[in-house]
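Visitor: Reproduced below are the annotations present in TrEMBL:
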type   : residues : note
REPEAT : 36-70    : repeat 'PPR'
REPEAT : 168-202  : repeat 'PPR'
REPEAT : 304-334  : repeat 'PPR'
REPEAT : 335-369  : repeat 'PPR'
REPEAT : 437-471  : repeat 'PPR'
DOMAIN : 652-744  : domain 'DYW'
Amino acid sequence: ASAYLCNNLLSYYAAAGGGLREARRLFDEVPAAQRNVFTWNSLLSTYAKSGRLADARAVFAEMPERDAVSWTVMVVGLNRARRFGEAVEAFLDMVGDGLAPTQFTLTNVLSSCAAAEAGGAGRRVHSFVVKLGLGGCVPVANSVLNMYGKCGDAETARAVFEQMPARSVSSWNAMVSLDARLGRMDLALSLFESMPDRTIVSWNAVITGYNQNGFDAKALWFFSRMLRDSSSMVPDEFTITSVLSACANLRMVSIGKQVHAYILRSGMPCVGQVTNALISMYAKSGSVENARGVMDQAVVADLNVISFTALLEGYVKLGDMKRAREIFDIMSNRDVVAWTAMIVGYEQNGYNDEAMELFRSMIRSGPDPNSYTLAAVLSVCASLACLNYGKQIHCKAIRSLQEQSSSVSNAIVTMYARSGSLPLARRVFDRVRWRKETVTWTSMIVALAQHGLGGDAVGLFEEMLRVGVKPDRITYVGVLSACTHAGFVDQGRMYYQQMQDKHGIVPEMSHYACMVDLLARSGLLPEAQEFIRQMPVEPDAIAWGALLSACRVHKDADLAELAAEKLLSIDPGNSGAYSALCNVYAACGRWGDAAKAWKRRKDGGVRKETGFSWTHVRGRVHVFGADDTLHPQREAVYRMAAKMWQDIKKAGFVPDLQSVLHDVDDELKEEMLSRHSEKLAIAFGLLATPEGTTLRVMKNLRVCNDCHTAIKFISKVADREIILRDATRFHHFRDGLCSCKDYW
């Protein structure tokens, strides 16, 4: 009687899944001779249901006799503990011992196969289902169906579904979900319409399917149909999450607000995935403050990295990097997407130093960067012309096998090109050109054009067409720019027409500006003016600026006045327009008009954009302004600049005093010219680098005539190659010559 009572009490503890200490004490009180398999199974089940799998295994190993229940308890316990592989192994061992699995065993092991996406093991289990004649058992058949669906075997899943003699609503839901997950929305909808009964799971499968497959408008329409046609159907958190995701993708904040109002009216708990979906919807739709309001009211533990990242990106789009960084800093579990979003935000908003520092922090203590991270940091290196650091990123891309990523390889090409190392850019391009991707070829064509190799750029473009790579609008901007800098007027006209006739690309403002620049630089000023007059859209500041710049070269003051007037009507604060007009007047000897233009600028409160240059030496960036007084080695730099000035004058250099518009004597004009920012950067480079080292200097404005001529002489006298990147292109100075052939 005592053993019988203990067995019943153990059964009670096993069913309740608790009272481990009492269950063990009761088990130990039963004499060993009176313990049967029921006694052992009860203790085993108590441990398994409580998640004490180590204790359960110990009991299982100690059992003198095991039956199908013993094995089933272990399979179920392992499945619930998400130890799916071990659950499958236990099932196979059970069958190996000659014991027939029960329906409960089969549904649990099939659940493990589905979760682990173990299709091979799942098929073996399916064979046992067939042998045992349980294919008509709806719960087991549903588990088989679900297993094949999770393993991606849609055809076998459909065959199982069609052979089922009886189907529950779960059977239908499994097939609808499978078709939706595989993007087969027509099949999913057809099944949905054929369902005899539907649950909220049925509606969710279609709504989520539309949302996840990019048919967000259809997802919202289907949600509306559910509310209209099924008044008894109450949306759950899965419905709401998918609908909010669709609103976010469509940037439909008005509908998102209505869904938010429904959540509040219905009393649905605004926690977990619903809260995260609300934050993402508001942030992606531009209502960042609403997103922040939801976040501030939420329990931090409910928030996931996706919602934090969405809010971060919302602030990035607004250019509010301070608040974006605040969100980033309070995130407890930052994944690679969050780190990348912050780095990209800094890069897109011009905070290059902050982007680099954050990337260094990511390398030290964050996750491994992905291809998007590396592409963003390479873009920063390109902007700053950090060649050495860019090389380190390139090495990291090679080690992490990400160099072959299109975004990374293209960013590497651009980084090398914009850092002045065209041979390295070409080497990377030659390794990936076989992919025949438009953006890759375009990157190289643009690089060649910017470095003054117009002929090479045009040649590569022709090769691109021969091998069947289709150019896009940016490719044509690159090849038109190459024709502009090389003076290929006829080819430029031909490509402009070919772009429209052969490739169906409608000209945009960038193409119009290239054509104006092409014609004007070549001295065809009347034709350039006529081209502007016939443009189907209003010319922008870039088009008028191109015409204005050409007027200086060809000394056409009247046309320069018109171009400057048009440019300033579009952009009244453009100091470059005043500078260019003054330079035209100076080139024509009209000093009085130059002074008037300069006074007009000052009276209008337009500040002249400050010119500065920078260079990288031993891992540090050294920035110089004209007449710089801030650099710690300024005295040595000025001495070197003065010596350099005298050396090139002895070699035949004649300063362009006319380019100094200030009313001062010639000696002071010379001193002002000798201290332009790019000359100071070069003087520092000569001091700080070994003989024969290539000097790389970047300037934020267009290089002036005097500096261009002076640097040609410096390259010969100092026997250095000097690569200068100004606001429009690269100049490679060597042996007294420039790659632009004085045409820039």
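Placed from the backbone N, Cα and C atoms, the Cβ positions cover glycine too.
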Visitor: Using DSSP, what is the helix/strand/coil residue split across the repeat 'PPR' (304-334)?
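Guide: Looking at the repeat 'PPR' (304-334) with DSSP, the answer is 24 helix, 0 strand, 7 coil.
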Visitor: Who are the chain neighbours of the repeat 'PPR' (168-202) in space, where the CB to CB distance is under 8 Å and they lie at least 6 residues beyond its ends?
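Guide: Residues 138, 141-142, 145-146, 149, 152, 154, 157-158, 161, 208-210, 212-213, 215, 218, 230, 233-236, 238-239 contact the repeat 'PPR' (168-202) from elsewhere in the chain.
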Visitor: So if I exclude everything within five residues of the ends of the repeat 'PPR' (335-369), which remaining residues of that chain have a CB under 8 angstroms from its CBs? That is, six or more out.
Guide: 305, 308-309, 312-313, 315-316, 319, 321, 324-325, 328, 376-377, 379-380, 383-384, 386, 389, 396, 400
Visitor: Mind checking which residues of the chain, 6+ beyond the ends of the repeat 'PPR' (437-471), have their Cβ under 8 Å from one of its Cβ atoms?
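Guide: Beyond its ends, the repeat 'PPR' (437-471) has Cβ neighbours at 406, 409-410, 413-414, 417-418, 422, 425-426, 429, 477-479, 481-488, 491, 495, 499, 503, 729-732, 738-741, 744.
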Visitor: Average the per-residue pLDDT over the repeat 'PPR' (36-70) and send me the rounded value.
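Guide: So the average pLDDT across the repeat 'PPR' (36-70) works out to 85.
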